[in-house]
Every structure is written in C-alpha cells, then in structure tokens.
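According to TrEMBL, the domain 'Tetrahydrofolate dehydrogenase/cyclohydrolase catalytic' annotation covers 6-121. Sequence annotations record features per position, and here TrEMBL assigns domain 'Tetrahydrofolate dehydrogenase/cyclohydrolase NAD(P)-binding' to 140-285. Here TrEMBL flags GLY166, ARG167, SER168, ILE232 as NADP(+) binding site.
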Amino acid sequence: MAARILDGKKLAETVRAEVREGVTAFKAKYGRAPGLEVILVGDDPASQVYTRNKEKASNEVGMRGHLHVLPASTPEDDVLALVQRLNADEATDGILVQLPLPKSIREQRILDAVDPAKDVDGFHPINAGLLASGRPRLVPCTPLGCMRLLALAEVPLKGAHAVVVGRSNIVGKPVAQLLLAEHATVTIAHSRTKDLAALCREADVLVAAVGKAELVRGNFVKPGAVVIDVGINRVDAGNGKTKLVGDVAYAEVAEIASAITPVPGGVGPMTIAYLLQNTLTAAHARAAGST
Ligand code: NDP
C-alpha cells in the first residue's frame, strides 16, 4: 500500500496561522510586535532567497522582520559588532545569522556571540546543552518541524525504535534529543556506521538528515515505518535542468513506509514556520523577564 504523504506545506500553514494568532495576542499584551533580525553576509544566491523568505514570512505573521545584508568582504569584527548591537536592542527578540558565512569569518565565533535568549536558530551551546539535559528552551527549527510532522503521522513514539541518519548539530543531534524526550529508543547513524541498510530496517521511525541524494532505498525501510526526509539535494533532472530530491528514494520507499515526507514540500516549509514560532517563544520569554 502506498504511504500516506505528510504534507509539510499544508502543516506549515497551520503553524504559521497559530503563530499569527500568538503575535496578535502578544501585541495586545505588550504593545509591540516581536522582532526578528536576519543577518546575511555575502551574496550566495540560495542564502539570499532563504533570508528574504524569512524576512517576508515574519512580516506576514505580524512580526517586525528585518534583513541586514552585508558584503562578503565584511570583517569578522564588524559582523560581531552587529550581533552585539542587536543583542543590546530591546526591540529585537530573535537574531538569525544565515549560514554558511564567508570563509574569512569564523562561524562559531559569531554564533557563540548571539545572546542565547535571542538565539532563534537554537544553535548556541547554551541552548544545545539545555536541550541535551532535558530542559529545552530554544530548539533548532528543522528538528521541531520533524517532530510536528511525526505528530501529524500520529505515530506512537513511546518505546518506538527511531533511527536518525546524520549527527549534525543543526539536525541529527537535536532531532535525536527530541525523540528521546518522547521516550523513543534512539539510534544515531553517521558516515562510519556499519551496514546502514540493516540498521535502518529496524526503525519504526526513520529520519534521514544526510545530504546525499536518495541514499535511503527501499531495502532500508521496514514495512509500515514512518520516514522523515530532511535532505535537500539538487540533482541533474536529465533535461538540462536540475531538480530537488531528498535523502530518501521517494518512489521506492513510499511503497513500503506507512507515511513519508515529500521533497520538496515536507520538512523544508516546516523549518521556516518553526523559526517564526521560536521568535514568538523568545519574545514571550523576554517580555515576561524570564531570561
Ligand atoms: P551535515 O553535512 O552537517 O551532516 C550530515 C550528516 O550525515 C553527518 O553526520 C554525516 O556523518 C552523515 N553522513 C554523510 N554521509 C553518510 C553516509 N553515507 N551514511 C550515513 N551517514 C552519512 O548536514 P546537515 O545535518 O546540515 O543537513 C543534512 C541534510 O538536510 C542536507 O541535505 C541539508 O541540505 C538538509 N537540511 C534541510 C533543512 C530543511 O529545512 N529541510 C534544514 C537543514 C538541513 P559524519 O558526521 O560521520 O560526517
């Protein structure tokens, strides 16, 4: 039987509507809109699109979204100075530094400088540590989106075996922490894992966050498993054009899984929706003086 398609585009609309309502209530209570500041350094075309979308999406839900575009030649200390200025700015609730930064800038130095209370990407070591110790505050957006998609699939996570392929700080590790918090038994696989296919076949829930086009084939999947495909890979479409595919061989796996996220239209739209949710969360925490 063909798998149920977990429509991330539609679900992201629901999340955005929830945030829009939350923003209206926030404004009524505190007399100001939550503020999101997005920093782009350089002229990477994909990053330009992502950052413009983030600014637009935040304004669409009633926030005060603003994009700072700095040239690729900007010295590291100037980027740092901007982050520090936004850290000190009362009207700024969320700061997002678009990655990757130009090679001349030490990414970790910049990310570590973001006030953890405004770290809406959830990448600061303090927020990563809080998540790992079971006290989540600001959690990375893509993993939050994955969990909401799993909720849509109504898959019982308690006691389920979840296999996460990928151990990045941005996706793999935080999604594993969130699954653990839901009482799944979690295995994290990576590039040194032996017999990945056999391991994945044990999964009730399989999350692929690798960045390798269609790595996960039909023989990686247990019949009835729920499959979340985080990967975004641009490949040759064979007609002189390119197309986006995930880390999962969709057509094959959709015949075996009980539910699956498509690429595009699965995890991707959820990421930006949870950036908005995180900005609202940060705004509330700051306004309530709890951070
Ligand atoms: P990283 O490159 O940081 O991490 C990739 C992980 O995959 C690493 O842990 C790596 O292992 C592991 N890996 C690589 N090759 C293999 C292999 N052959 N078998 C098993 N594991 C392997 O990527 P990200 O986590 O940042 O992103 C992963 C994918 O998700 C990318 O396609 C990215 O574009 C996409 N993405 C999508 C988002 C969305 O909104 N939908 C948001 C963020 C990312 P090791 O640690 O051993 O090197």
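For all residues, glycine too, the Cβ spot is worked out from N, Cα and C.
Projection of TrEMBL feature records onto the structure.
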{"residue": "GLY166", "record": "NADP(+) binding site", "Cβ neighbours (10 Å)": "23"}
{"residue": "ARG167", "record": "NADP(+) binding site", "Cβ neighbours (10 Å)": "17"}
{"residue": "SER168", "record": "NADP(+) binding site", "Cβ neighbours (10 Å)": "16"}
{"residue": "ILE232", "record": "NADP(+) binding site", "Cβ neighbours (10 Å)": "18"}
Point to revise | For the domain 'Tetrahydrofolate dehydrogenase/cyclohydrolase catalytic' (6-121), the number of residues DSSP places in helix, strand and coil | key: 62 helix, 19 strand, 35 coil
Study note, to complete from the structure: DSSP puts the residues of the domain 'Tetrahydrofolate dehydrogenase/cyclohydrolase NAD(P)-binding' (140-285) at 55 helix, 30 strand, 61 coil
Check your understanding: How far apart, in angstrom, are the most distant Cα atoms among the NADP(+)-binding residues GLY166, ARG167, SER168, ILE232?
Key -> 16
